[in-house]
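Chemist: Annotations for this protein, taken from TrEMBL, read as follows:
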type	residues	note
BINDING	Arg47, Gly48, Asp103, Asp104, Leu105, Val106, Asp107, Thr108, Gly109, Lys110, Thr111	5-phospho-alpha-D-ribose 1-diphosphate binding site
BINDING	Asp104	Mg(2+) binding site
BINDING	Asp107, Thr108, Gly109, Lys110, Thr111, Trp149, Ile150	GMP binding site
BINDING	Asp107, Ile150	guanine binding site
BINDING	Asp107, Ile150	xanthine binding site
DOMAIN	14-160	domain 'Phosphoribosyltransferase'
Amino acid sequence: MSDRLPHEKGFHVSWDQIHRDARALAWRLDGKGPDGGAWRSVVAITRGGMAPAMIVSRELDIRVVDTISVKSYNHQDQSQPRVIKAPQAEIMGTDGEGVLVVDDLVDTGKTLELVRKLYPKAHFATVYAKPAGRAMVDTYITEVSQDTWIFFPWDMALQYVQPYRGAD
Ligand SMILES: O=P(O)(O)OC[C@H]1O[C@H](OP(=O)(O)OP(=O)(O)O)[C@H](O)[C@@H]1O
Ligand SMILES: Nc1nc2[nH]cnc2c(=O)[nH]1
Ligand SMILES: [Mg+2]
């Protein structure tokens, strides 16, 4: 079970919004690679990092893209994160230098902490950040409060809603 604050608020992100925010992230990272140059590759933390990583790699014209799979949440319940699929060793090098690691969000920071330990010189970027994990991320776009749960478009569907003054 989760030992974190309950999530009192919901922040619902549409496809349009995540596209705009991931583009903003790409623009912020442009030319910020090693020695003020280009990034060597993008690594998405699956699964949530895949859509943002695709948008970032498209904007920055980076063709070398890999994934690292870290599992820690089952719905809103958190457990110890563990790596269940590593990226290619030759992409990461010894310490991840020049690699842009992208995730959708940082919450407690435990996922990024684990990946940072493995690749200390990589650059860590997320679209959204909560205060508890902010120190683990190098670049992010939007901050939300710790008691907010972020709902992504890939976890949602359009549904009929009863009118406020419904006919009984
Ligand atoms: O900062 P933390 O508290 O570690 O949480 C952040 C991580 O949690 C979510 O992934 P999740 O483990 O739910 O897997 P998913 O990306 O496959 O949905 C999210 O996509 C981040 O990767
Ligand atoms: N979708 C989603 N996954 C998370 N994993 C950790 N925090 C969150 C969150 O706020 N939203
Ligand atoms: Mg994730």
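These residue numbers are counts, starting from 1, taken along the chain as shown.
Placed from the backbone N, Cα and C atoms, the Cβ positions cover glycine too.
Tell me what's around each of these sites.
Modeler: Lys110 (GMP binding site): 18 other CB atoms within 10 A of its CB, across all protein chains.
Under the three-state DSSP scheme, Asp104 (Mg(2+) binding site) falls in the strand class.
Neighbour density for Thr111 (5-phospho-alpha-D-ribose 1-diphosphate binding site): within 10 A of its CB lie 26 other CB atoms from the protein chains shown.
In the three-state DSSP scheme, Ile150 (GMP binding site) falls into the strand class. The number of other Cβ atoms within 10 Å of the Cβ belonging to Ile150 (GMP binding site), over all protein chains shown, comes to 21.
Over all protein chains present, the Cβ of Asp107 (5-phospho-alpha-D-ribose 1-diphosphate binding site) has 26 other Cβ atoms lying within 10 Å.
Helix, strand and coil content of the domain 'Phosphoribosyltransferase' (14-160), in residues and according to DSSP, is 50 helix, 49 strand, 48 coil.
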Chemist: Using all protein chains shown, find which of the binding-site residues Asp103, Asp104 scores highest when you count other CB atoms within 10 A of its CB.
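Modeler: That would be Asp103, with the most Cβ atoms nearby.
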Chemist: Measuring C-alpha to C-alpha, could you say which of the binding-site residues Arg47, Asp103, Leu105, Gly109, Thr111 are within 10 Å of Ile150 (GMP binding site)?
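Modeler: Near Ile150 (GMP binding site), where near means Cα within 10 Å, the binding-site residues are Leu105.
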Chemist: Sort out the sequence-distant neighbours of Arg47 (5-phospho-alpha-D-ribose 1-diphosphate binding site) for me: same chain, 6+ apart, CB within less than 8 Å of its CB, listed by position.
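Modeler: Spatial neighbours, sequence-distant, of Arg47 (5-phospho-alpha-D-ribose 1-diphosphate binding site): Ser69.
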Chemist: CB neighbours of Gly109 (5-phospho-alpha-D-ribose 1-diphosphate binding site) within 10 A?
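Modeler: Neighbour count, Cβ to Cβ under the 10 Å cut-off: 19.
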Chemist: Max CA to CA distance in Å over the 5-phospho-alpha-D-ribose 1-diphosphate-binding set Arg47, Gly48, Asp103, Asp104, Leu105, Val106, Asp107, Thr108, Gly109, Lys110, Thr111?
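Modeler: The two farthest binding residues have Cα atoms 17 Å apart.
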Chemist: As a test of the contact definition, list every same-chain residue at least 6 positions from Trp149 (GMP binding site) whose Cβ is closer than 8 Å to its Cβ.
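Modeler: The answer is His7, Lys9, Gly10, Phe11, Gln76.
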